[in-house]
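Student: Relevant sequence annotations retrieved from TrEMBL are reproduced here:
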SIGNAL    1-21  signal peptide
DOMAIN    40-117  domain 'GDNF/GAS1'
DISULFID  47-53  disulfide bond
DISULFID  161-222  disulfide bond
DOMAIN    161-241  domain 'GDNF/GAS1'
DISULFID  168-174  disulfide bond
DISULFID  185-200  disulfide bond
DISULFID  195-241  disulfide bond
DISULFID  224-229  disulfide bond
DISULFID  251-323  disulfide bond
DOMAIN    251-347  domain 'GDNF/GAS1'
DISULFID  258-264  disulfide bond
DISULFID  275-293  disulfide bond
DISULFID  285-347  disulfide bond
DISULFID  325-335  disulfide bond
CARBOHYD  357  N-linked glycosylation site
CARBOHYD  413  N-linked glycosylation site
């Protein structure tokens, strides 16, 4: 009993000192080690204003010029420069897609991070700021639910991709930029050269970067019930000029070409960061964010790695860059893995279907419940046909309330298929972060009587 009382007294004093030494409810920037994001152009300005950072940055750029990473790190001066810059704002800086100085920002980012990578990595970190918006935000901006609230007969007969083109024509900016890329990509240069692909790609980039996503997504990801609609969807980017070629290059060769360009390299890295299939989430998407994946997919259009639908099938969604794995040699396995990130990607497929159906994932249900239910793993759920609504087996009633027990740090009683429906837990979540502050309420309850008695005894002499 004496040992138990001593332990509780020690615990009480320790927690008291902790509370006095730190804020009781830390938020965002007050977290230790947390630094607010700075775009790389601004980070470069901050570095230039500090003599040590500025000189080390110049040294690093000279080190990277025409050298591989191993050669660079063999030089002690280059290695020292890299170590110093890792503590500067340049190391954590990020860029925004379609920002005014995007290319300059990305050049600064890769000038640091190319020196940190060991060779050519399969997946690279995205240089862009994380996406916080969701599909539901886009749905609120425009009524683009495919058939939601409409007459079912009319909905089935409607060509949603044609409706999307009509909606674009009603918006001045969308109509102008769409007409521009259609004109450029359809302009034949000679009998042997169907178009100027470089200019076509540039016009497509301008369209997808400058037109709001409630218009561009509607054209790219419209749901279809017939082949005519699916073919219109496939023709959105005028693939005869922007996508197809006489021969398909090897996918790894195409990736290497893409990575020589800072913009293309960044868009590909962003696609992998936001669309890479995750079997730890409900939707197979990182952070269950469909919007981030679709935005990253659209961001690759207009580059060497431009993806598109492989056929005009209305019942299946398969997209791919224009490449194959022929001639991969002993790298065939790596090539197939790269290609499957497009052709067999459950995150991308689910995101496209969710947009076409006008649904999104709501991970913040209002009604708390802790009832454990049997549910199959989401990643094993077969893909949905385009014409299914949100009343299917992946309906919002399941998605909005359930998550895997393993994500909550609980044991699933030897069953991998248990799930738990929940909303609010007895923890505090720091706004703008994924960190959770545990309340330790059980320990306080166990020790409450001893702590109160001890505190009274300690304070009695002070009162006297």
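Every residue gets a Cβ built from N, Cα and C, even glycine.
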Student: Count the other Cβ atoms sitting within 10 Å of the Cβ of residue 323 (disulfide bond), across every protein chain shown.
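Tutor: Other Cβ atoms found within 10 Å: 22.
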Student: Between the disulfide-bonded residues 224, 229, whose Cβ has more other Cβ atoms within 10 Å than any of the rest?
Tutor: 224
Student: Which ones, of the disulfide-bonded residues 161, 168, 264, 285, 325, 347, have a Cα no more than 10 Å from the Cα of residue 293 (disulfide bond)?
Tutor: 285, 347
Student: Could you measure between residue 222 (disulfide bond) and residue 47 (disulfide bond) for me? Cα positions, answer in whole angstrom.
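Tutor: Between the alpha carbons of residue 222 (disulfide bond) and residue 47 (disulfide bond) there are 45 Å.
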Student: For residue 224 (disulfide bond), which of these disulfide-bonded residues sit within 10 Å, Cα to Cα: 47, 161, 241, 251, 323, 325?
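Tutor: Cα filter at 10 Å returns 161.
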Student: Averaged over the whole of the domain 'GDNF/GAS1' (251-347), what is the pLDDT?
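Tutor: Mean model confidence (pLDDT) across the domain 'GDNF/GAS1' (251-347) is 94.
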Student: Please identify, among the disulfide-bonded residues 168, 174, 264, 275, 325, the one with the smallest Cα-Cα distance to residue 285 (disulfide bond).
Tutor: 275
Student: Show me the subset of 47, 195, 241 whose Cα is within 10 Å of residue 185 (disulfide bond); these are the disulfide-bonded residues I mean.
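Tutor: Within 10 Å Cα-Cα: 195, 241.
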Student: Determine, to the nearest whole angstrom, how far the Cα atom of residue 47 (disulfide bond) is from the Cα atom of residue 241 (disulfide bond).
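Tutor: About 43 Å separate the Cα atoms of these two residues.
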Student: Out of 200, 258, which has the highest number of nearby Cβ atoms, where nearby means within 10 Å of its Cβ, if these are the disulfide-bonded residues?
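Tutor: That would be 200, with the most Cβ atoms nearby.
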Student: If you measure from the CA of residue 241 (disulfide bond) out to 10 Å, which disulfide-bonded residues from the list 53, 161, 174, 200, 323, 335 are inside that radius?
Tutor: 200
Student: What is the Cβ neighbour count of residue 264 (disulfide bond) at a 10 Å cut-off, with all protein chains included?
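Tutor: Other Cβ atoms found within 10 Å: 21.
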Student: Return only the integer: C-alpha distance in Å from residue 275 (disulfide bond) to residue 229 (disulfide bond).
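Tutor: Here the two Cα atoms are 25 Å apart.
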Student: For residue 174 (disulfide bond), write down the residues of its own chain that are at least 6 apart in sequence and whose Cβ falls under 8 Å from its Cβ; none is a fine answer.
Tutor: 167, 168, 211, 212, 215, 216
